[in-house]
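Novice: When I checked TrEMBL for this same protein, it listed these features:
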- 39-472: domain 'Amino acid transporter transmembrane' (DOMAIN)
- 42-65: transmembrane segment (TRANSMEM)
- 71-95: transmembrane segment (TRANSMEM)
- 130-151: transmembrane segment (TRANSMEM)
- 193-217: transmembrane segment (TRANSMEM)
- 284-305: transmembrane segment (TRANSMEM)
- 325-346: transmembrane segment (TRANSMEM)
- 389-406: transmembrane segment (TRANSMEM)
- 412-430: transmembrane segment (TRANSMEM)
- 451-472: transmembrane segment (TRANSMEM)
Amino acid sequence: MVMGRQEKSAATAPAAFNLAEAGFGDRPDLDDDGREKRTGTLVTASAHIITAVIGSGVLSLAWAIAQLGWVIGPAVLVAFSVITWFCSSLLADCYRSPDPVHGKRNYTYGQAVRANLGVAKYRLCSLAQYVNLVGVTVGYTITTAISMGAIRRSNCFHRNGHDAACLASDTTNMMIFAGIQILLSQLPNFHKIWWLSIVAAVMSLAYSTIGLGLSIAKIAGGAHAKTTFTGVTVGVDVSASEKIWRTFQSLGDIAFAYSYSNVLIEIQDTLRSSPPENEVMKKASFIGVTTTTMFYMLCGVLGYAAFGNRAPGNFLTGFGFYEPFWLVDIGNVCIVVHLVGAYQVFCQPIYQFVEGCARSRWPDSSFINSERVVRLPLIGDFPLSPFRLVWRTIYVVLTAVVAMAFPFFNDFLGLIGAVSFWPLTVYFPVQMYMSQAKVRRFSPTWTWMNVLSFACLVVSLLAAAGSIQGLIKSVTHYKPFSVQN
């Protein structure tokens, strides 16, 4: 129950750290900070990362490559993967401070920022992190509902022909998804859902492979989709202004596909102490980013080759593929199962933050602090908290309502990726590394790291502009809570 015990306020962290000095570190059931022994390994950390990274972002990559073309598209994918891996390695060293191996643990991303950069930067980081996490959970609700609807529509098209008016209610599907998440949200922490991450990681690889296989089959079947070195053609596929906006939005979609830095510290806090957590986390990040980049490149490039400049925004639900319908169904089932787990990975930091603040604010409240153990069939002892039940249910319902009101897959994902990429993936890891390593101002390292940070800021601003323009355009033609065809 490592993550559950992190609900203590940051003010208690130094006291917990001193427990090791008092002799608690010798107890086999406790770590050096006096908390329950962490049992995470390279395998579980890699699974958490793959679960967080390979998500709904992979579904939009064929569309993103179509906007950028054969040259810039793959180059941008590689660039984002290298930047993500590099900055994640910097961030892994910030789990402990001031020394990355023997320093005091920082249990969350925000605590790492506060320990290295101070309170002001911590507040900015917390705002960026939690806005992003909320956005991701809304985005996953949208994506899951679309995939659930695609299963029904796929069977309908198979029975009645590809021109049939097959309808699906995203609103109903979002309600079903919310009900599942309300139940899973009662699991108190990451250690209680490690199995869900393993299953979700397998599912993500499965639907990526299915999409890849369908793209290869479409190409091998003699399809000759129109592709170009520069992507969609101005005057033929899109107008000049639309080409610019779509190019910017595609950057946001790719950035979203690599979004996991905001939960890296929380994942690292599940690792056992030996070997050093930063070494294991760097290896896990390399495995996770390398694995996902291979799938991203294959899915994006082959998806573009299969569909060309008319690639759908979601290549498993946009019905570029109709047959074999059962394989399309399996792919969408895998998406649903994966995002059920990924939703929990991303919302756990939100849950811990709110519950930690509530316990600090009302330490004597029985409603907030009480917890009963209930024995359930097949599950065993299950900790049930009244406050956790009420507040987590409210959170899931609110994210579902927002998703119902704005179910725009590409635009929403692009905006989330744009808003979170620079501050969480690049800026704070770079600044924390330079502070911890005491990098001298205007030295070569200081200069090129700040150049990297500024360049990524420009990319994020352009991507945000493109996604906002797409959202505005989509909203003007949308009726909330309607049935989609």
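A Cβ is built for glycine as well, from the same backbone N, Cα and C atoms used for every other residue.
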Novice: For the transmembrane segment (389-406), what are the same-chain contacts with Cβ under 8 Å, counting residues 6+ beyond its ends?
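Specialist: For the transmembrane segment (389-406), the sequence-distant neighbours (Cβ-Cβ under 8 Å, at least 6 residues beyond its ends) are 134, 137-139, 141-142, 145, 170-171, 174-175, 177-178, 181-182, 185-186, 347, 350-351, 354-355, 358, 412, 471, 475, 480-481.
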Novice: Can the transmembrane segment (71-95) be said to touch the transmembrane segment (284-305) if we require at least 3 CB pairs below 8 Å and skip pairs under 6 apart in sequence?
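Specialist: Per Cβ check, the transmembrane segment (71-95) touches the transmembrane segment (284-305).
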Novice: Sort out for me which stretch, of 42-65, 130-151, 193-217, 451-472, has the most Cβ pairs below 8 angstroms to the transmembrane segment (412-430).
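Specialist: It is 451-472, which has the most Cβ pairs under 8 Å.
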Novice: Can you say which of 42-65, 130-151, 284-305, 325-346, 451-472 has the most Cβ pairs under 8 Å with the transmembrane segment (193-217)?
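Specialist: Between the candidates 42-65, 130-151, 284-305, 325-346, 451-472, the best contact partner of the transmembrane segment (193-217) is 325-346.
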Novice: What parts of the chain pack near the transmembrane segment (42-65), using Cβ distances under 8 Å and only residues at least 6 beyond its ends?
Specialist: 73-74, 77, 139-140, 143, 190, 194, 197-198, 200-201, 204-205, 207-208, 211, 215, 231, 250, 253-254, 256-260, 263-264, 267-268, 270-271, 280-281, 283-285, 287-289, 291-292, 295-296, 299-304, 306-307, 311-317, 335, 338-339, 341-342, 345-346, 409-410, 413, 417
